[in-house]
Each structure stands twice: as structure tokens, then as C-alpha cells.
Amino acid sequence: MKKFDKERALLAIAAPVLAVIGALIVTALVLLATGKEPFTAFHVMINYGDKTDSQVYILNKATTYYLAGLAVAVGFRMNLFNIGVDGQYRLAAFFAAAVGGAMSIPGIIQVPLIILTAMVVGAVWAAIAGVLKVTRGVSEVISTIMLNSIAGIVIGYFLQDGRLGVLDKNANMVSTKPIPSGSHLFNFSTGGGAVDGFIVLAVVAGVLYWFGLNRTRFGFDLRAVGRSQSAAEASGVSVKRMVITSMLISGALAGLVGMPTLLNESYDYGTDFPVGIGFTGIAVALLGRNNPVGIAVGAVLWAFLDRAANGLEFEGYDQELVGVIQGVIVLAVVIAYELVRRYGLTRQQRQVGAELAAAAAHKQEVTA
Amino acid sequence: MDHRRGECAINASTSPPAPAPSGAPAVELRGITKRFPGVVANHDIDITVRSGTVHALVGENGAGKSTLMKILYGMQKPDEGTIAINGEQVDFHDPGDAIARGIGMVHQHFMLADNLTVLENVVLGSEKLHGIGGRARAAIREISDAYGLGVRPDALVEDLGVADRQRVEILKVLYRGARILILDEPTAVLVPQEVDALFDNLRGLKSEGLTVIFISHKLGEVLSVADEITVIRRGTTVGSADPRGTTTKQLAELMVGSELPSPETRESTVTTEPLLTVQGLRLAGTDADGIERIVLDEVGFTIHKGEVLGIAGVEGNGQAELVEAIMGMRRPDAGTVVLDGRDISRAPTRQRREDGIGYIPEDRHRHGLLLEAPLWENRILGHVTERPNSKGFLIDPGAARRDTERIVQEYDVRTPGIEVTAASLSGGNQQKLIVGREMSHLPKLLIAAHPTRGVDVGAQAQIWDQIREARREGLAVLLISADLDELIGLSDTLRVMYRGRLVADADPATITPEELGSAMTGAASGHLEHDGIEDR
């Protein structure tokens with residue numbers, strides 16, 4: 001049985017590795033087509049991405065990507081496509097920042113309060129899509145895309161001087177009231193800069209994700225719905241309730257996405273707050289195969305590519321090259337997973353058939 | 001039906017000598033081998049079908065009959081072997097090639113558009129043959145009359161019954177010029193009277209010089225209609241038989257390589273304690289066309305401890321909805337369900353399962369298994385809140401795995417291990433796993449919908465044994481089956497369901513499949529009395 005498992009693990013790794021290699025080949029071809037030498041570019045990317053300050057940048061970026069990946073992956077595990085992580089985390093971070101800026105109580109209470117606010121806002125925003133799906137049959141893909149847009153408008157409305165925003169006359173930027181320094185989250189100082197303390201909470205979230213899905217009754221039900229909605233329903237899972245619950249969880253996780261930035265870097269929500277991480281989360285979840293460790297690898301890879309894009313720019317390459325790599329990886333990963341999945345399934349069927357035939361032949365010999 | 005006459009004329013050899021052909025045989029398959037990434041493949045199949053005969057191909061489910069017919073119909077290519085049609089070697093790439101050679105296939109599941117007329121269905125895709133108007137209508141009439149099919153070209157298909165639809169399918173194939181017809185399990189959906197009518201049609205086709213290949217595992221039918229029989233076991237031809245000197249028992253033994261089990265159970269274990277009482281169940285549903293119709297109409301019955309209540313009926317008369325209503329997967333519009341003295345009418349599915357309802361679903365792929373999950377996770381499915389699968393809110397994978405090993409052992413699930421996915425097991429082994437799982441939680445009530453469908457004879461006997469044994473210990477069973485022998489053999493009480501109503505009841509000790517069949521078509525109702533002629 002052990003050998004069986006090892007081969008399965010190999011198969012599991014095969015898909016992302018194939019996808020990354022495929023992406024590199026396509027990128028090399030693109031570079032060749034534009035008349036540039038591909039290996040130098042890869043060399044530049046690796047060298048630049050390997051510097052100490054790059055490493056810190058990558059870790060910090062990867063933390064947010066990881067949380068976004070987890071949020072998307074919860075949906076994926078039950079066949080829900082939560083495209084709305086983007087809107088959920090922005091809205092969550094905005095209201096969390098507003099709450100944080102409005103209070104001045106000891107950090108030990110205020111930091112959890114800010115995080116809780118973010119999770120609740122993210123969960124509620126995601127739950128709207130869940131409720132629409134179970135009551136009106138609206139596809140969560142459509143509703144979450146629309147909710148992304150609505151979230152942007154809501155933030156735009158409140159983020160004005162005199163409402164929840166404060167105008168910074170020097171920079172001509174509007175942002176929420178900064179969170180008092182007593183409520184800034186700790187961080188780890190290194191030679192290359194500070195690593196966000198929130199990385200610890202991201203790891204905890206990853207462990208809880210794994211434990212919740214694989215070791216609890218609830219997680220089993222959730223995965224059952226993802227594998228076969230009809231079988232799950234017959235087994236006694238209330239699919240409707242499960243849709244709403246998993247959207248709540250997905251949204252709560254999405255609420256955490258903006259927290260490293262808010263609590264460790266910006267301390268307020270301004271017009272320059274990072275956007276689009278929710279979409280990166282989809283790619284990262286796909287790349288990591290909804291597996292908590294896989295998502296971590298995917299998040300680090302994505303952050304590395306982001307960083308390497310800067311390096312390329314310094315050396316005179318187009319930084320859009322990284323966009324090409326990332327795009328191709330996503331496409332390749334989807335194809336590679338399907339191929340590996342089908343191969344794995346037929347391989348197993350063949351193995352079972354062969355083993356049973358061998359056993360039957362043996363039995364026949366004995367009885368003959 | 002008694003086929004016990006004369007002595008056995010079975011010729012059990014691995015490659016049956018071809019019967020002396022008069023002219024070239026219609027179909028000659030030689031050394032057909034098909035490898036599959038599955039459990040059963042065809043190997044070294046030799047079959048000779050003489051022109052102008054009804055040739056039956058029998059074998060257990062999963063023996064490789066369907067694969068073989070797909071090869072003959074051009075849907076799959078054999079890895080080895082040759083196919084000769086009317087003495088000419090052929091190489092089919094797709095069904096179009098087979099149709100061009102005069103081969104036609106009537107599939108088990110009808111492929112007709114309900115909202116079109118018979119004429120429209122027949123000409124669909126073959127508009128070039130006789131157009132779509134008067135000439136086509138005349139051609140259909142001509143074929144219908146020539147073979148006595150009695151098909152009305154302008155009837156709407158949705159108004160036709162199952163038997164009529166089947167005749168339309170046959171006509172469709174004939175219209176395209178088929179001289180060799182493949183019928184895949186044509187009697188599976190028919191009641192006995194309809195089967196007889198079908199057989200008359202087949203004899204008509206034969207007398208006109210057409211060749212019919214008839215796939216079945218119902219041996220009595222095979223013996224009554226076939227001129228020659230080829231038996232397939234484990235993917236290869238194991239012998240041929242002459243129906244004139246063969247009994248069903250002999251044929252069955254050739255088919256399975258062992259004795260045929262019987263579902264009969266006569267010592268009664270029925271008690272007076274009601275376990276499940278269903279009253280006034282009503283359910284209205286909208287069909288695909290958006291028309292509301294009554295699916296369950298005032299359904300009521302009681303099952304006592306130790307009793308098997310069998311429900312007979314042509315599929316689609318509300319049996320599936322009844323099961324889903326009792327399982328809590330569908331909310332009925334009215335009515336109550338009382339399990340062991342407790343009203344569970346409004347309880348969710350999970351609570352009903354915890355209260356002791358075991359469920360063997362009709363469609364195990366849709367409702368019984370997570371195909372891409374390992375066996376031990378499938379063992380948890382449906383019983384996630386119960387031991388040994390979980391402790392409190394946590395899954396207990398170790399205990400679940402150990403218990404899966406036990407089920408695999410006790411229920412003889414043929415698998416190399418419990419980490420393989422459910423999809424890689426054969427249908428019979430999947431079913432054994434489901435039965436093992438449901439029985440492991442000692443249900444008070446077992447809902448068994450077609451518990452032995454698609455299951456080989458060995459596993460069938462085992463499943464029947466398990467149901468009987470549990471019944472002796474006070475289990476109540478709601479049995480729904482299309483296999484009338486199974487229903488009559490296992491049930492203590494029989495009810496007939498027709499258009500959402502329980503229209504008739506019968507005593508399984510005296511009723512015959514034929515009598516039950518006429519009630520299933522709505523021809524009889526009330527208490528079915530056996531009319532006296534003992535023929536079992």
C-alpha cells in the first residue's frame with residue numbers, strides 16, 4: 001500500500017511541475033520571438049528574486065496571496081467559484097480600518113477586534129452570493145463578480161473627506177483615520193526589512209483549513225458536496241445550508257487578506273490600498289490544488305514572479321513578461337491537472353483490474 | 001414456464017464450432033479482443049450468427065456483452081480479431097459504417113424526442129432517404145405493416161407507452177435499411193405481456209429474413225425466443241446452447257459457472273409491530289416541459305418489523321419520488337411518515353438516517369458513492385455522525401479505515417485495498433460496499449431500490465441473503481425492483497404502483513409475474529387474486 005501512495009504523491013506533484021515547465025518554455029519562445037535571449041532573462045529573475053530584501057518582499061506578498069488562495073480554495077472544495085474574494089477583502093479591510101482608526105484601546109483587544117470586523121464584513125459580503133444562490137438559483141460566479149463592483153462603489157462612497165475618509169492635503173490622498181500605533185501588529189526585523197507578523201496568523205489559518213476540511217465532520221460534508229452534490233444530499237447533507245456556510249467561511253478568510261497590509265504596513269485604508277489580490281488567489285488556489293501546502297508554494301512562486309518583474313525592468317526587459325508567465329502557468333495548470341487526473345484514474349482502474357484478475361487466476365488454479 | 005425437457009444440449013467449449021451455415025453467416029466474429037483500462041475486457045470472442053435467425057447473447061452484467069455489441073456497431077474498435085458481415089470482412093470506424101452495412105442497434109435507453117411525432121423521430125437524421133413528408137409516411141406504414149409493428153406515424157411520442165416507443169425504435173432502425181438488428185436488453189423495461197408482443201415482432205422480422213441479435217440476462221425469455229444462444233462469461237465466449245434442449249438452470253450454470261441462486265424466501269418473519277407508517281403522501285412535480293403533474297397521489301402503507309414490502313411498477317411511476325420522500329430528500333406536499341412510533345415527516349435526511357433508515361439507492365453513482373474518493377471515505381458517507389466514523393465533531397479516519405477493511409472482508413468486496421477510489425471497482429463490488437455500509441449501522445428500516453441491478457449473480461445471492469438475514473432480526477424493508485422474480489421471491493407483501501398511486505396489492509406466495517405485469521400497466525387493480533392455474 002505504501003508504494004501505491006508514493007506513486008500517487010508523485011502524480012500530485014507532476015501537474016504543477018509540468019505546468020511551470022510548460023510556462024517557462026512558452027515564455028522562452030515569446031522572448032525568442034521578440035529577439036531577446038531567454039536564458040539571460042531567467043537568470044536576471046532568479047538573481048534579483050534571490051536578494052535578501054527580495055526575499056522579505058516575497059514573504060510579505062506571499063502572505064496575502066496565501067490567504068486569498070485559502071479563501072478561494074474553500075469554495076473550490078465544494079465546487080463553488082468565489083470570484084468575489086477581491087471585493088470581500090477590500091470591503092473588509094476598509095471597514096476594519098475604519099473601526100481601527102475610530103478607536104484607541106489597548107492593542108491586545110483592538111487588534112483582534114479589527115481582525116474580527118474584517119472577517120465578519122467579508123463573510124457577510126460573501127454570504128449575499130450564497131443566499132442568492134440557494135434562494136434564487138443565481139450562479140455565484142455572476143453574483144460575486146457584481147458584488148466586487150458594488151464593493152468598489154461602496155468603498156468609493158464612504159472613502160470621502162467628511163464621511164469615513166480623511167484628506168491628506170500634502171499627498172492629495174484620501175484614506176481612513178490611521179490605526180493608533182499601539183494597535184500595530186508585531187513584525188520580524190531582518191537585514192532585508194521587516195517580515196509581517198501576520199504571517200504567523202496565515203500559517204495558523206492554513207493549519208485550521210487543513211484540520212477543518214480533513215478531520216472534522218463538517219469538512220467531510222463539505223468535501224462530499226464538492227465531489228457529488230447528489231450523493232451528499234442523499235447522505236444527509238443539507239446542500240443549501242452548506243453553500244451558505246462555505247460562502248461565510250470563504251468570505252471570512254477573504255477578510256483576512258487585507259490584514260497583513262493594514263496591520264503591518266499601511267495602518268490605514270487609502271486609495272492606494274492594493275487591489276486585485278482576490279484574482280491572484282484564484283490562480284494560487286488552482287496552482288496549489290486546494291491543498292494548504294500547495295497553496296503556500298503557489299503563493300511564494302507568484303510573489304517571486306511579481307518581484308522578478310521589477311528586476312526585469314531594471315535590465316531593460318518588458319516586465320509584462322512576468323504577466324505572460326503567470327497567465328501561461330494558470331492555463332497550463334488547469335490542463336495538466338485534468339490530464340494527470342484522468343491518467344491517475346485510468347491507471348488505478350487498470351491496476352485494480354490487473355490485481356483482481358491475478359487473484360482470480362490464482363484462485364482458479366487452486367480450485368482446478 | 002417449464003423448460004425442463006430432453007437432455008442438456010449445451011456445448012461448453014471455449015470456441016464453439018460454428019453450426020453448418022447455409023450460405024455465409026450474417027455476422028461472424030473471430031478472436032475479438034478488446035483491452036480496457038477497466039475490469040472486464042473481451043478476449044478471444046468467437047460468435048457466428050446465421051442469417052435469418054434470432055441469436056441470443058447471454059451473460060451476467062459486466063461479462064462484456066455490451067462492449068462486444070459496441071464493437072459490432074462500430075462504436076469501439078477491437079484491439080484484435082476480425083468481423084465479417086455476410087461473409088465479407090469489414091472494418092468499422094464509426095456507427096455510420098455499420099449502418100451502411102445494414103446493422104442497426106436498438107439501445108436499452110430509448111433515443112427519441114418526446115415532443116415530436118413518430119414520423120418526425122423516424123426521419124430525423126435520415127431526411128435524404130424518403131424525404132420528410134408523404135413518402136416517408138408511406139414508407140413507415142409499409143415497414144410497420146410488413147413486420148406487424150402497428151406504429152402510427154402521426155402519434156406524438158410522448159403519448160406512447162414504453163412498448164410502443166420500443167417499436168418506434170425498431171422501426172427507426174429498419175427505416176435506415178438494417179438487415180441485422182442488435183437489441184440491447186430490450187425486455188428490461190417491459191412487463192411480461194409486452195415482452196410476448198415484442199417476441200412476436202421479432203419472429204415476424206425473422207420470417208422476413210432479417211437477423212436479430214438479442215442481448216439479455218433473463219434466461220427464460222432467451223429460451224423462448226432464440227434459435228441459438230451464445231454464452232459470455234468474464235469477457236469470453238464459454239459455450240453455445242441449443243434452446244430446444246436446454247433448461248434455464250443449465251444455461252445459468254454455464255453463464256455464472258456455478259449454481260443459480262434463488263430469491264425465494266418463504267418462512268414468514270412478519271410481526272404485528274408497525275415500523276414504518278406512511279399516510280396520505282402527496283407530491284406534485286413539474287416535468288421537463290413545465291407541466292405540473294401529480295407524482296405521488298395519496299400513497300399510504302405500513303411496514304411491520306420483519307416484513308419486506310415490495311413495490312412493483314414500471315419505472316417512472318413515482319417509485320423514485322416515494323423513496324426520496326421517505327428519505328427526506330424531497331418534501332411532500334402532504335402526508336406523514338412515522339418511523340417506529342416517531343413522526344419524522346419534517347425531519348432532515350441526516351436525522352432520518354441516524355434514526356435507523358438504511359438506504360440502498362437506485363442510482364449508486366449519483367446517490368450512493370463519491371466516485372473519486374477512496375473506499376474508506378465512501379464508508380463514512382451517509383453515516384458521518386455515527387461511530388466508528390467519527391468521535392464528536394471529529395472524523396476518526398483510523399477507525400473508519402479499520403471498519404472498511406472489515407466490510408471488504410465480510411461482504412466480499414473484490415478490491416486490492418481500501419485506498420483505491422470507488423470508481424475503480426466494478427458495479428457489483430460497489431454495490432456490495434454500499435450494502436455492507438448500510439447494514440453495518442443496524443438499520444431498523446432498509447430502503448432498497450433495485451438492490452441487485454447491474455450486480456453479478458454471485459453478489460446478487462449474497463445481497464438477498466443479507467436482506468433475508470436482517471429481516472429475521474426484525475428489519476423492515478421497502479423493496480423496489482424492476483425484477484419481478486426478485487420482488488415476488490423476497491417480499492412478504494406486494495403493492496403495485498401506477499401513475500403515483502398504489503393501485504393493487506397481491507400475495508407473493510401465489511401471484512405470477514404475468515399477473516403482476518398486467519397490474520403494472522394499469523390493467524388490473526384492487527386485490528390481485530391468482531386465477532388458479534399453478535405454473536410455477
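In case you wondered, yes, glycine gets a Cβ from its N, Cα and C as well.
Taken from TrEMBL, the feature transmembrane segment applies to A:9-33, A:65-84, A:91-109, A:115-134, A:141-159, A:193-213, A:243-263, A:321-340.
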Checklist outcome for this item: When counting C-beta pairs under 8 angstroms to the transmembrane segment (A:115-134), the leading stretch of A:9-33, A:91-109, A:141-159, A:243-263 is A:243-263
Checklist outcome for this item: For the transmembrane segment (A:65-84), the candidate among A:91-109, A:193-213, A:243-263, A:321-340 having the most Cβ pairs under 8 Å is A:243-263
Next on the checklist: Can you work out whether the transmembrane segment (A:9-33) touches the transmembrane segment (A:321-340), with the criterion being 3+ CB pairs under 8 Å where the paired residues are 6 or more apart along the chain?
Outcome noted: yes
Next on the checklist: Below 8 Å between Cβ atoms, which of the listed ranges A:91-109, A:141-159, A:321-340 makes the most pairs with the transmembrane segment (A:243-263)?
Outcome noted: A:91-109
Checklist entry - Counting only residues 6+ away from its ends, which parts of the chain sit with a Cβ under 8 Å from the transmembrane segment (A:91-109)? => result 115, 117-119, 121-122, 125, 151, 154-155, 158-159, 164, 176-180, 182-184, 251, 254-255, 257-259, 261-262, 268-269, 273
